[in-house]
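**Student:** What TrEMBL records for this protein is below:
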BINDING   B:Cys101, B:Cys104, B:Cys107, B:Cys150  [4Fe-4S] cluster 1 binding site
BINDING   B:Cys111, B:Cys140, B:Cys143, B:Cys146  [4Fe-4S] cluster 2 binding site
DOMAIN    B:92-121  domain '4Fe-4S ferredoxin-type'
DOMAIN    B:131-160  domain '4Fe-4S ferredoxin-type'
Amino acid sequence: MDALMIGTIIKILIILLIVSAIAGFGTYIERKVLAFMQRRLGPMHVGPFGLLQIAADGIKLFTKEDIIPQNANKFIFSLAPTITAATAFIAMAALPLFPTFTIPEALPLIGGAIVPSVIADINIGILFILGTMAAGLYGPLLAGMAQSNKWGILGSARTAVQFLSYEVVTGLSVLAPIMLVGSLSLIDFNDAQIGGIGSWLIWQQPVAFILFLIAGFAETNRTPFDLLEHEAEIISGYVTEYSGLRWGMFFIGEYTNMVTISIIAAVVFCGGYNDIGFVSGWLLFILKVVFFFFLMLWVRAAWPHVRPDQMMWLCWKVLMPLAVVNVVITGIIIML
Amino acid sequence: MAHIEEHKETQIAQTEKQNYVMLNLGKTPDYGMPAFIQVVKRSLSLELLKGLGVTFREMINGLFRGKMHTTKYPFEKLPIAPRYRAIHEMLRLLESGHYRCIGCGLCEKICISNCIAMETRYDENQRKEVSEYTINFGRCIFCGYCAEVCPELAIVHGGRYETAGEQRAGFSLFEDMLTPIDKLKEQKEFAGFGSVSPNADENIKKTPLAY
Amino acid sequence: MFEQIAFYIFSVLTIGLFLVTVFSKNVLYAMTSLASGMVLIAGFFFLVGADFLGVVQLIVYVGAVMALYAFGMMFFNVTKDLKEKTTSNIWVMIVGVSVALLMTLMFGGVVNPEAIYASLPINSNMTNPQAVGMALFTKYLVPFEVAAIMLLIAMIGGIILAGKKMDTSLTNIEDEELQRKDVK
Ligand code: SF4
Ligand code: SF4
């Protein structure tokens with residue numbers, strides 16, 4: 001095995017372990033941030049500052065009774081959560097995290113391994129990620145349809161509606177930056193913005209950035225668009241009948257998707273993991289991702305939900321024309 | 001409108017600066033050009049960012065300016081109003097330390113859920129002495145009649161409001177409710193049924209509704 | 001080696017899933033296997049190095065089958081088996097077998113390896129999306145544009161069909177008026 005192979009395996013382990021841990025930790029952060037924004041303390045009692053709350057929740061999820069409703073389609077019912085969780089991690093395979101680095105020789109066993117910045121640098125990276133994340137919505141869809149519960153069916157109907165609305169906007173909004181960079185690989189996106197803050201694509205493509213963020217919120221079912229499980233309207237939507245670990249898998253998937261969208265936003269629009277001056281790219285990258293993650297929680301604290309019809313109206317009548325105009329203008333400018 | 005003006009004159013309205021702003025949202029246009037104009041206007045005036053600003057400000061207030069609202073309940077407790085009708089207490093006479101109850105039985109008579117049970121007898125000085133006194137808190141509805149009727153201000157409502165119990169019949173004995181003799185100095189008079197809380201003035205606010 | 005193993009795994013899975021699609025009486029099973037079969041076909045594209053087409057297959061069919069699900073949801077109770085009203089099995093047999101025969105004949109020519117040639121050979125200087133773009137905008141420009149116009153027509157047709165009475169909002173009509181309309 002050569003150095004790159006070992007490095008790739010290390011990278012896979014990093015992503016699987018750290019990102020799933022972050023996904024779990026995300027629930028804690030979310031509760032804390034939401035609490036602070038409402039001037040509450042949030043979880044406080046398990047461990048210092050409630051840090052061990054995730055462990056407590058994990059134990060709770062593992063030991064809860066796993067209920068499958070009598071009339072549900074048992075096979076699809078148990079398949080659905082795995083779709084969400086698996087696709088979320090598959091999408092991570094084409095995602096660059098941190099610059100490529102070599103593990104120092106001094107370490108035993110893995111010394112000298114080259115850890116690449118992305119597991120599989122396929123040259124259509126961003127399309128692959130968006131495609132797999134789109135496939136991830138089959139989780140909620142199937143879950144809602146398999147559980148023979150009217151709230152579940154409503155949840156999956158809304159999944160279909162949401163998917164058919166935002167998918168166009170996501171594609172069209174990243175199209176303009178893709179035209180500028182001339183590649184679909186996220187590595188190329190990163191390399192195109194190597195020259196400091198001024199070269200970030202967000203300055204050339206502000207409209208695309210905002211459109212992408214909005215579509216990203218819809219893609220991850222975050223608050224202005226969390227139609228699928230809107231408690232006030234449809235109990236819990238597609239997760240109404242789920243309990244225990246299966247329910248937990250949906251949430252690992254959702255939080256992983258949040259991390260993914262944050263990373264894409266950071267890499268495509270905000271300069272990726274390039275160093276700025278003496279500040280290391282590692283630190284900047286983490287800061288950017290943390291900021292986008294925080295933004296999702298922040299928005300959840302501040303903004304109300306939209307109705308499904310408002311969501312369709314927004315996507316098809318406002319965002320899509322904007323995205324098309326943006327693409328056309330970008331094209332004209334490139335041609336000139 | 002006159003009564004609103006009148007209200008503004010009151011002292012409370014002047015000392016407490018309350019600035020209620022009436023929002024004139026107008027009629028929401030349904031479709032067509034007016035709706036489009038409204039959307040553009042709202043997007044360009046960045047109304048969404050104002051919402052974000054408010055939540056962020058509250059977070060800063062909570063985290064760094066010490067304005068957290070949370071009471072860590074089982075460890076911290078908020079003071080309850082003096083008129084609150086919680087678990088009963090039996091008070092003592094301040095001079096002698098003897099319990100105040102004279103065994104008149106009025107509370108037993110008036111109790112509408114029939115949960116006070118008492119027995120009395122004459123002691124060696126031919127004074128009435130309470131030999132048994134229990135309140136069944138499984139049945140008490142905390143109506144406060146017993147405290148109201150008591151001629152000696154002996155039975156009052158205390159401040160212990162956590163009344164969850166494991167058994168159906170939670171009796172309380174006379175000794176449990178009686179002020180411990182060493183705590184006699186701290187014994188407080190019950191402000192009474194319907195009395196206002198000491199900070200009532202601060203809590204009065206003008207309602208924004210003019211009716 | 002790896003490619004062959006992957007090819008056979010993908011083939012067996014895909015054929016199996018499409019068989020489920022055809023034979024299952026449960027709408028949910030049928031649609032789910034259709035969707036996963038379509039996604040697995042993307043695997044073949046990845047195997048032959050056509051990454052771009054693979055991802056396009058993924059994105060397009062994920063969306064398309066999602067719309068199918070929406071219809072399935074509206075027309076059937078998806079958790080129950082469907083009772084099909086087949087009046088004449090013999091006709092179903094005849095049509096099915098003849099279609100299968102036709103397909104075999106159509107693709108039979110391809111089985112002969114001599115007959116296979118690439119009309120646009122792989123150009124190793126170009127990346128995948130570039131190659132697809134080259135093919136679409138040079139050799140197949142006219143079919144591509146025709147397809148685009150057909151899609152446009154379909155879209156306009158859809159909008160016109162669905163767009164009737166779109167300017168009245170049901171939520172703004174008073175209840176009584178709505179009921180009167182229902183009676184009519
Ligand atoms: S509070 Fe009411 S119900 Fe309770 S003991 Fe007194 S009189 Fe009876
Ligand atoms: S009314 Fe007061 S004084 Fe009379 S028996 Fe009851 S507690 Fe004692």
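Any Cβ shown, glycine's included, is placed from N, Cα and C.
Bear in mind that TrEMBL entries carry predicted annotations, made automatically and left uncurated.
Map these features onto the structure and tell me what's around them.
**Tutor:** The C-beta environment of B:Cys104 ([4Fe-4S] cluster 1 binding site), restricted to residues of the same chain at least 6 apart in sequence and closer than 8 Å, consists of B:Lys128, B:Pro151, B:Glu152.
In sequence order, B:Cys111, B:Ser113, B:Cys115 constitute the residues six or more apart from B:Cys140 ([4Fe-4S] cluster 2 binding site) in its chain with CB-CB distances below 8 Å.
Taking DSSP states H, G and I as helix and E and B as strand, the domain '4Fe-4S ferredoxin-type' (B:92-121) has 5 helix, 8 strand, 17 coil.
With a threshold of 8 Å between CB atoms, the same-chain residues lying at least 6 positions outside the domain '4Fe-4S ferredoxin-type' (B:131-160) that come near it are 80, 84-91, 99-102, 104, 106-107, 110-121, 167-174, 177, 189-190, 192-193.
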**Student:** Other residues with Cβ within 8 Å of the Cβ centroid of B:Cys111, B:Cys140, B:Cys143, B:Cys146 at the [4Fe-4S] cluster 2 site?
**Tutor:** B:Cys107, B:Ile110, B:Ile112, B:Ser113, B:Cys115, B:Ile116, B:Ile135, B:Ile141, B:Phe142, B:Gly144, B:Tyr145
**Student:** Checking the binding-site residues B:Cys101, B:Cys104, B:Cys140, B:Cys143, B:Cys150: which ones have Cβ within under 6 Å of ligand 1?
**Tutor:** B:Cys140, B:Cys143
**Student:** Using the CB centroid of B:Cys101, B:Cys104, B:Cys107, B:Cys150 as the [4Fe-4S] cluster 1 site centre, which other residues of the same chain sit with their CB within 8 A?
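**Tutor:** Going along the sequence, the neighbours come out as B:Ile102, B:Gly103, B:Gly105, B:Leu106, B:Glu108, B:Cys146, B:Val149, B:Pro151, B:Glu152, B:Ala154, B:Ile155.
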**Student:** Could you tell me how many residues in the domain '4Fe-4S ferredoxin-type' (B:131-160) are helical, how many are strand and how many are coil under DSSP?
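**Tutor:** Helix/strand/coil tally for the domain '4Fe-4S ferredoxin-type' (B:131-160): 5 helix, 9 strand, 16 coil.
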**Student:** Which binding-site residues out of B:Cys111, B:Cys140, B:Cys143 lie by ligand 2, going by a Cβ under 6 Å?
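**Tutor:** Correct list: empty, so none.
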**Student:** Count the other Cβ atoms sitting within 10 Å of the Cβ of B:Cys143 ([4Fe-4S] cluster 2 binding site), across every protein chain shown.
**Tutor:** 14
**Student:** Give me the Cα-Cα distance between B:Cys150 ([4Fe-4S] cluster 1 binding site) and B:Cys143 ([4Fe-4S] cluster 2 binding site), rounded to a whole Å.
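**Tutor:** Distance between the two Cα atoms comes out at 14 Å.
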**Student:** C-alpha of B:Cys107 ([4Fe-4S] cluster 1 binding site) to C-alpha of B:Cys143 ([4Fe-4S] cluster 2 binding site): distance in Å?
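**Tutor:** With distance taken Cα to Cα, B:Cys143 ([4Fe-4S] cluster 2 binding site) is 12 Å from B:Cys107 ([4Fe-4S] cluster 1 binding site).
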**Student:** For B:Cys143 ([4Fe-4S] cluster 2 binding site) and B:Cys101 ([4Fe-4S] cluster 1 binding site), what Cα-Cα distance in Å is obtained after rounding to a whole number?
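**Tutor:** On Cα coordinates alone, these residues lie 20 Å apart.
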